[in-house]
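This report refers to the structure that appears directly beneath it.
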There are 2 protein chains.
Amino acid sequence: MSSQVQRPGLLFVLSGPSGAGKGTVCKALLQREREMKLSVSVTTRAPREGEREGVNYFFRSVEQFKAMIEADELLEWAKVYENYYGTPKTFVAEQLAAGYDVFLEIDIQGALQVKRRFPDGVFLFLIPPSAAELQSRILGRGTETDDSFRLRFGAAREELQMMREYNYVIVNDQVDRAVSRILSIMEAEHCRVKRNLYLLNEW
Amino acid sequence: MSSQVQRPGLLFVLSGPSGAGKGTVCKALLQREREMKLSVSVTTRAPREGEREGVNYFFRSVEQFKAMIEADELLEWAKVYENYYGTPKTFVAEQLAAGYDVFLEIDIQGALQVKRRFPDGVFLFLIPPSAAELQSRILGRGTETDDSFRLRFGAAREELQMMREYNYVIVNDQVDRAVSRILSIMEAEHCRVKRNLYLLNEW
């Protein structure tokens, strides 16, 4: 990616309905754009074999996590079963200040929390190429009953309406094309006038 | 460029201060993105050797041109010495409807006229990498007196302030990098949510 002079980092948030392929796209993206930083979450769950503090997660106690919520130190957080997960502001802020773009892959509810706390982020919505394709992706897993299919498919269609809350929509017809679109968006966002007004001071 | 499904064409307007290198960048861009259409201007000046109607220009009489102004058929126009030049709406509209992106290279005053008449266009502002570089580009032509240099340099600095009226600013540090940025912006703009709301109807 060709970068303009002196550019500060930007936060990109990738989200989308279930079945869109967020995880796959995010992994492929990281391989093509090695200079960006993936956001590291904080969690109260125990580390698994091989997981490293500050790389996979920041591991904290429930008390510490609750203190972070109180101190407004999280861009978003959620409780999943017994464990808390969240996105620490400090990590993101430090990477941005150092000039790195930060990438955050997260579900729709989390993305909307981030948007409220960090409106200057760039919000990307990944969607499957069509209803028919989503249907075959869900069925392809081979684990769905008729009822659970209807539930998942209905939920994905509802989630799709959340598109309006985002800046960009990326159709995931092919992973490499979706990744190219995201890279283009990242470069384009750095060129937006509102992010380059400081150039006027240099003349 | 990887295109999303069913995309309609967009109008991109490239402009910028004198000395930014608009012509060079535009030529290099056309060689890398052959699917886009360059806007064809209408003029009252006589065709030169080898110029073809509808390719280089639409050649019209002064009476015809004035009738186009009256009928609001131009996105912008200007009189340069004895000749009129303008951008016909119909040509642009036809290309967009056929799904082509249209690219228009034009001076700042012209771009601002287009923006009033076609706010859905994407407005790109090309600038030299620095004041020092602009200075050496102007002096490099070797035809400037001290006075004319000061005039041109001062005008370019003033024109730079017009950046705020645009959507994107592209630093022309190297032609191929400026072209890459423009191609990224073109792809990103096609992914903007506001241009893809029709996708919601397909679900």
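Any Cβ shown, glycine's included, is placed from N, Cα and C.
Computed from a predicted structure; not experimentally measured.
Over in TrEMBL, the protein carries these features:
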DOMAIN    B:9-187  domain 'Guanylate kinase-like'
BINDING   B:Gly16, B:Pro17, B:Ser18, B:Gly19, B:Ala20, B:Gly21, B:Lys22, B:Gly23  ATP binding site
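Feature map: TrEMBL annotations on the structure.
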residue: B:Gly16; record: ATP binding site; Cβ contacts under 8 Å, 6 or more apart: B:Lys22, B:Ile108, B:Leu124, B:Phe125, B:Leu126, B:Ile127, B:Glu159
residue: B:Pro17; record: ATP binding site; Cβ contacts under 8 Å, 6 or more apart: B:Ile108, B:Ile127, B:Pro128, B:Leu134, B:Ala155, B:Ala156, B:Arg157, B:Glu159, B:Leu160, B:Met162
residue: B:Ser18; record: ATP binding site; Cβ contacts under 8 Å, 6 or more apart: B:Arg152, B:Ala155, B:Ala156, B:Glu159
residue: B:Gly19; record: ATP binding site; Cβ contacts under 8 Å, 6 or more apart: B:Pro128, B:Leu134, B:Arg137, B:Ile138, B:Arg152, B:Ala156
residue: B:Ala20; record: ATP binding site; Cβ contacts under 8 Å, 6 or more apart: B:Leu126, B:Ile127, B:Pro128, B:Asn172
residue: B:Gly21; record: ATP binding site; Cβ contacts under 8 Å, 6 or more apart: B:Leu126, B:Pro128, B:Arg137, B:Asn172, B:Val175, B:Ala178
residue: B:Gly23; record: ATP binding site; Cβ contacts under 8 Å, 6 or more apart: B:Glu105
I need the neighbours of the ATP site defined by B:Gly16, B:Pro17, B:Ser18, B:Gly19, B:Ala20, B:Gly21, B:Lys22, B:Gly23. Which other residues of that chain put their C-beta within 8 angstroms of the C-beta centroid, in sequence order?
B:Leu126, B:Ile127, B:Pro128, B:Asn172
For B:Pro17 (ATP binding site), what is the secondary structure state per DSSP, taken as helix, strand or coil?
coil
PLDDT averaged over the residues of the domain 'Guanylate kinase-like' (B:9-187)
93
